[in-house]
Amino acid sequence: MIHIINHPLIEIKLTVMRDEKTNHKDFKANLNEISSLMVYEILRDYKAKDFQVKTSTGSLANGKIFDKEIVIVPILRAGLGMTDGISNLVPQARIGHIGLYRDEKTFEAKEYFYKIPDVKKDSLILVVDPMLATGGSANDAIKSLKKRGFSNIKLVCLVGVKDGIDLIEKNHPDVNVYLAAKDDHLDKNKYIIPGLGDAGDRIFGTK
């Protein structure tokens, strides 16, 4: 299922990111902030565990603690730009990495790196990547995780288009997809339009 997270702060910060004049420092800062705002909503249905603590007054207070572990899995390299924003709100989360590159001729995703913490298979996995264009990278990352026994997976992207959304819904109907915005289409080079440019280059200032 697709979830578009609508919030004025997200829309304002996304506008800054779309602006071609925005430098990589501000681009990265706004991506971090949007990621934090999104995970607040994404974890709204998280089932926290009841827990009791003793306060400084000596009284007992009922509260909540994390139950299942949460693992943030950025798709390298652009996904790294969303990791800090999520872990700022969920510092207990562990971090894995999946490395995929896009074949410039076939546009297919190829895996070159996979490293996930040793956690229970029912842990909540947040796959993060700013752009959901063709959906190839996200689709392959999810397949890699499922092949290794993980089933509680959510996909978190900043901007997506119908092509990528349809691919994930077709191949992974059990995976909830979260977007800050749904854009219009892909151009002939498979870039999102209007989009925000090459997310990896704009995060790391490599272009």
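A Cβ is built for glycine as well, from the same backbone N, Cα and C atoms used for every other residue.
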Listed by Swiss-Prot with Arg102, Asp129, Pro130, Met131, Leu132, Ala133, Thr134, Gly135, Gly136, Ser137, Asp198 as binding 5-phospho-alpha-D-ribose 1-diphosphate, from among Arg77, Arg148, is Arg77
Nearest to Ile192 (uracil binding site) by C-alpha distance, among the binding-site residues Arg77, Asp129, Met131, Gly135, Ser137, is Met131
Those same-chain residues, other than Ile192, Gly197, Asp198, Ala199, found with Cβ within 8 Å of the centroid of the uracil-site Cβ atoms are Pro130, Met131, Tyr191, Gly195, Leu196, Gly200, Asp201, Arg202
Cβ-Cβ distance under 8 Å, sequence separation of 6 or more, same chain as Arg77 (5-phospho-alpha-D-ribose 1-diphosphate binding site); the residues meeting this, in order, are Gly200, Ile203, Phe204
